[in-house]
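Chemist: Pasting in a structure now, in structure tokens, and then I'll have a few things to ask.
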Amino acid sequence: MNKDKRYQILSRLRDNNPNPTTELEYESPFQLLIAVLLSAQATDVGVNKATRKLFPAAPTAETMLALGVDGIKDYIKTIGLFNSKAENAYKTCKILVEQYNGEVPESREALEALPGVGRKTANVVLNTAFGWPTIAVDTHIYRVSNRTKLAPGKNVNEVEQKLLKVVPKEFKVDVHHWLILHGRYTCVARKPRCGSCIIEDLCEFKDKTSD
Ligand code: SF4
């Protein structure tokens, strides 16, 4: 895909949604970190449902630590992999309280050292809580980047590196959310809704649908 087309795609996604953000509900970097940790293999809707009760009961690392692993489990039982997620959330709270005064560190290295926090989660927190131009490639971004040819790659790391290289600076902070939302609602996995896609004329996908 050439530079000009890429620029047009990103401009159009921006014009359509100038201030995008995550659909996860949170009120602090700590709550965002926990929400992202809980969201692996779960939907944002399912996570929000659980955190609407969990966060009022334990809004900070200190209060969540006080719940204990079983206490956390009680709130997140409806989410897949809740046993290991409760363990990771508890251990993460412990580290935050003991080493960071209960705050979320604004550092990739420190974030990735937390239990259950990988590169993707760190990217989301750095981007969404701290405004870093990081791009967390999930299944939606991977699919949209490959179908459109915006940033094709054989795996999520390749797509992340390609996006970081080809996305102009002015779009870097928000591109992650535009592509996720586009993949979640328009360029859906089974049958993309090309007929109602705002970048249809620019997309280079070979098997477009008329839906
Ligand atoms: S035209 Fe179709 S394949 Fe291309 S981005 Fe839009 S929905 Fe996805």
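Glycine too: its Cβ is placed from the backbone N, Cα and C atoms.
Automated prediction, rather than curation, is the source of TrEMBL annotations.
According to TrEMBL:
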DOMAIN    38-185  domain 'HhH-GPD'
BINDING   Cys187, Cys194, Cys197, Cys203  [4Fe-4S] cluster binding site
Chemist: Using a Cβ cut-off under 8 Å and a sequence separation of 6 or more, which residues in the same chain sit near Cys203 ([4Fe-4S] cluster binding site)?
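Modeler: In sequence order, Ile9, Arg147, Thr148, Lys149, Cys194, Cys197 meet the Cβ cut-off.
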Chemist: Got a sec? Which of these binding-site residues, Cys187, Cys194, Cys197, has the most Cβ atoms within 10 Å?
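Modeler: Answer returned by the neighbour count: Cys187.
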Chemist: Quick one: mean pLDDT on the domain 'HhH-GPD' (38-185)?
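Modeler: So the average pLDDT across the domain 'HhH-GPD' (38-185) works out to 95.
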Chemist: Can you see whether DSSP assigns Cys197 ([4Fe-4S] cluster binding site) to helix, strand or coil?
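Modeler: In three-state terms, Cys197 ([4Fe-4S] cluster binding site) counts as coil.
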Chemist: Tally of helix, strand and coil residues over the domain 'HhH-GPD' (38-185) according to DSSP?
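Modeler: Counting residues by DSSP class gives 101 helix, 0 strand, 47 coil.
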Chemist: Per DSSP, Cys187 ([4Fe-4S] cluster binding site) is which: helix, strand or coil?
Modeler: coil
Chemist: Per DSSP, to which secondary structure element type does Cys203 ([4Fe-4S] cluster binding site) belong, with helix, strand and coil as the options?
Modeler: coil
